[in-house]
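For reference, the structure is listed below as structure tokens.
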Amino acid sequence: MTQTVKKVVVAYSGGLDTSVILPWLQENYDNCEIVALFVADVGQGAEELEGIEAKALASGASECYVVDLKDELVENYIYPTLKTGAVYEGTYLLGTSMARQSIAKAQVEIARKVGADALCHGCTGKGNDQIRFESCFAALAPELTVIAPWRIWDLTSRESLLEYLAERDIPTAASGTKIYSRDANAWHISHEGGELEDPWNQPSKQVWTMTVDPIDAPNEPEFLTISVVKGEITAVNGEEMYLIIRYTYLNEKAAAHGVGRVDIVENRLVGMKSRGCYETPGGTVMVEALRGIEELVLDKITRKWKHTVAAEFSHLVYDGRWFTPLCASLLAAAGTLAEEMNGEVIVKMYKGSVQAVQKQSPNSLYSEEFATFGDDNVYDDQSHAEGFIRLYSLSSRIKALASK
């Protein structure tokens, strides 16, 4: 390789790709004296992290840092994004997108700590994640060299990766029979590949790993009371819980009712469409609860603007632009609007659906006196509406007259 690298920090998962990256780096970067491994615990599950440090060191790493990012992910990425109302293309709750940027930031911090001069990720050249990682690297550590093996090496398939390890007698638990590509964190789990690559195929039962099939969910609905303070979920059924515990609790409750499944074809940043199945049970409940409060407290023009911001912010997050001035500005604006978002929502979970069925807020703009269809003494002269309608429709009237 033409690059001179002395020390590199690898975003290491212990999976097949990054297991190959370690020996590949050692073989292709002669001056790479130390490979420092960074493992992010974003809530993917204890089974995925078990023995990972020993595996990294046995594969040639001089150091291995296992960093717990669960609280960081929920507090500094998920909750702020919830305040914006961002949902990519109306469906995707951005679980992988947020996690990648939290990992990239922590990876840069480890690189600075150990004095590394390079960063390495295992993202493919066809996906969004390479852009997310490297956009964050550019914003946070533009002086560091970035190594993206998938864009360099001649290994092109899962089989070739397995062959590479076998030739070097490097053990791996991976096999050539893997069906799905999955990504899990504290917010969600995603599923891609296999029969899902044909959008005419329905997802089989083995695709879903987190939520109960709605058909098999309980025949009785379950209700949860969600407390909201300044746009943040603070308690469930009156019980305040630590942030990650609260979300884990909602995940378990909603998953048992089959809530949070989506099957979408999304527009990737790299230009192609891809199909993915996502499970975000707790997040789906939170989005619905916040929507209920938003309906009560935001006036029409503010809510319309917020929806515009939500759409734009979803693209910023999806595209890996968390560490940009625009992202910071939109987060600040959403935080200001959230000051009024206080109250309680009762959500109903049943057979894969969640619905806000009761809501109240001390900042509510809803007035039963004005809204009633019965007798009222508030809007006592309905003829006042005539002047408004004439002005409101004036442009249409002028257009019609001009067309004659």
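Positions of Cβ are set from backbone N, Cα and C atoms, glycine also.
Listed in Swiss-Prot:
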BINDING   A11, Y12, S13, G14, G15, L16, D17, T18, S19, A40, G122  ATP binding site
BINDING   Y92, S97, N128, R132, S181, S190, E266, Y278  L-citrulline binding site
BINDING   T124, N128, D129  L-aspartate binding site
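Shown on the structure are the features that Swiss-Prot records.
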| residue | record | Cβ contacts under 8 Å, 6 or more apart |
| --- | --- | --- |
| Y92 | L-citrulline binding site | V262, I264, E266, G276, Y278, S314, Y318 |
| G122 | ATP binding site | V10, A11, S13, G15, D17, T18, I21, P149, W150 |
| T124 | L-aspartate binding site | Q130, W150 |
| N128 | L-citrulline binding site | S97, R268, L269, V270, Y318, D319, G320 |
| D129 | L-aspartate binding site | T96, R100, H121, C123 |
| R132 | L-citrulline binding site | S97, R100, Q101, A104, D319, G320 |
| S181 | L-citrulline binding site | H191, E192, G193 |
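If you measure from the Cα atom of S19 (ATP binding site) to that of S190 (L-citrulline binding site), you get 21 Å. In this structure, the binding-site residues under consideration are S97, E266, and the one with the smallest number of other Cβ atoms within 10 Å of its Cβ is E266. Sequence-distant contacts of S190 (L-citrulline binding site), defined as residues of its own chain at least six apart whose C-beta falls under 8 angstroms from its C-beta, comprise G95, T96, R182, D183, A184, G276, C277, Y278, E279.
There are 18 other CB atoms within 10 A of the CB of S13 (ATP binding site), with all protein chains counted. Counting other Cβ atoms within 10 Å of each Cβ, the binding-site residues A11, G15, S19, Y278 show the lowest value at G15. In the three-state DSSP reading, R132 (L-citrulline binding site) counts as helix. Using a 10 Å radius centred on the Cβ of D17 (ATP binding site) and all shown protein chains, the other Cβ atoms total 19. In this structure, S97 (L-citrulline binding site) is part of a helix by DSSP. Cβ proximity to the L-aspartate site centre (mean Cβ of T124, N128, D129, cutoff 8 Å) flags the following additional same-chain residues: C123, K126, G127, Q130, I131, R132, V270.
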